[in-house]
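Visitor: Encoded as structure tokens, here's the structure I'll be asking about.
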Amino acid sequence: MSQMLHIEIPNFGNTVLGCLNEQRLLGLYCDVSIVVKGQAFKAHRAVLAASSLYFRDLFSGNSKSAFELPGTVPPACFQQILSFCYTGKLTMAASEQLVVMYTAGFLQIQHIVERGTDLMFKVSSPHCDSQTAMIEDASSEPQSPCNQLQPATAAYVTSPSVPIPLLTRVKHEAMEMPPASGPGLASKRPLETGPRDGVAVATGAAGTPGTAPLKLPRVSYYGVPSLATLIPSIQQVPYPPGERTSPGASSLPTTDSPTSYHNEEDEEDDEAYDTMVEEQYGQMYIKATGNYAVQEKPEPVPLESRSCVLIRRDLVALPASLISQIGYRCHPKLYSEGDPGEKLELVAGSGVYITRGQLMNCHLCAGVKHKVLLRRLLATFFDRNTLANSCGTGIRSSTSDPSRKPLDSRVLNAVKLYCQNFAPSFKESEMNVIAADMCTNARRVRKRWLPKIKSMLPEGVEMYRSVMGASAASLPLDPEFPSAAPQVFEQRIYAERRSDAATIVALRTDAVNVDLSTSANPAFEANEEVDGGGSVIQEVAAPEQLPADGQSSPQAFEQGNTSSSRPQTPVATATRRPEGTYAGTL
């Protein structure tokens, strides 16, 4: 038997990729160009297809040599990601984290998406390492090394390796809060001032001499304690410490949809969240908000009357159990606490903003279902009337009805991109079908309910005015009626059988000649026989009080000549009131 020879070159794949990267930088042997906002990047199809599912689908069955990416992709960000595909290394500034993460999610580069959490936490800082937490001021400005805290205060320590629920489980043992210049704070693990400037280090030893321990009240997932509310001299530390500001977070443009807040019951306990499923999260979060309506916060309950205290209850974050189901595919800001009214840019660079509370509502209601998430986002940005007047696409008007204009393409594309980042397998064709279906449902609801609203209004009234938000307090009447006199119209239609719809419509449309002269009170009578086998009683009341059920009507009824085998139809009589009050059939 011949002897087998085995040759193995260490890191041969990395060497080949390095050579391909050099060829790319020199523009040699590149077979595709990726155009981003007019800037072309040469690359190799095989390398891009091996790194990105997006490019794999794009190149499949397409032999073009140039492809253009959407305008939401920044060229500088794509250049960094392209270099990552060849080298496996990614270097970026702290302010570019969100942009890179969203671009990588759009391009479906799983290596960057899966390591997104580590990428957000591993940010080099002169004030932060594995044992310390960085201190930031309220304005999110980088702090100078010379800035020091007061020696009698200590910061609240948050570590990326410790989940949010563990950080919030602090027992309530003391009701009285010390003054601002009082002793330091200590939780389950005492805090002491470390050797660094103004940095609190969590140790197992006792606190510094002269510091009295103080246990913070117990809080839920939606309220991580902020010492800035208790002791004004202590600066607030957001979680996670790596990310300071998101692109566009400083500008707060208005949106069409109102802000939604979450008001949790004071007696709710942390353990209740552990056993909830995703549907219960959605019901719990929106049970008091209505349909994305602004709701005033209730009055705070005194500390003496409750055993559990929520500190900064307006700060919200995704529950830990929901994060364990969906992972880190949501907006990065949702994993840290923040004001529900804070404006978040849905996709970096898109200019489309949504409040934290609204976005959390969408995720809590959708859970792991990406199609439900798309519907919730569309319902947040577009009201039902806008959807009913639209065709569901952001490209062109409807071919069947040109009056149906497309939805705002900027908002629609941002929503699609966000949902695609949440579920990379979510195809755009499926999103278009869902958007068109929502528009169709909105038109169907409007078509079904507006005739019912019209039937309850007096004839001659524009029914669309009340639907579009106009006040229905003063309704315009027919100009032939005197406007100075108070006019009361009350009508009751009773049908023995529900199948007599034609009879009811005929009675509604029957014209009645009313004598409005100042002569004596004339009475006119109308007699009508219904051919449907059922009788219809039409009763018209004047401003006087209506008779109780069981009493005979004061109106004069004349009985028509009908056969004994068929019920007789009494007909209402309308009279002219001397004070100008009109009563008659409509």
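Placement of Cβ uses the backbone N, Cα and C atoms for every residue, glycine included.
As annotated by Swiss-Prot, domain 'BTB' applies to 30-94, with the evidence given as sequence analysis. Taken from Swiss-Prot, the feature SUMO2 cross-link applies to LYS171, LYS215, LYS297, LYS427, LYS454, supported by similarity to another entry. Look at Swiss-Prot and you will find 177-196, 236-272, 542-586 tagged as region 'Disordered'. As annotated by Swiss-Prot, compositional bias 'Polar residues' applies to 247-261, 550-572. What Swiss-Prot lists as domain 'BEN' is 349-446, and the listing cites sequence analysis.
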Visitor: Hey, what's the Cβ neighbour count for LYS427 (SUMO2 cross-link) at 10 Å?
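Guide: So the number of other Cβ atoms within 10 Å of LYS427 (SUMO2 cross-link) is 11.
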Visitor: Based on DSSP, tally up the residues of the domain 'BTB' (30-94) by helix, strand and coil.
Guide: 28 helix, 13 strand, 24 coil
Visitor: For the domain 'BEN' (349-446), give the DSSP counts of helix residues, strand residues and coil residues.
Guide: 61 helix, 5 strand, 32 coil
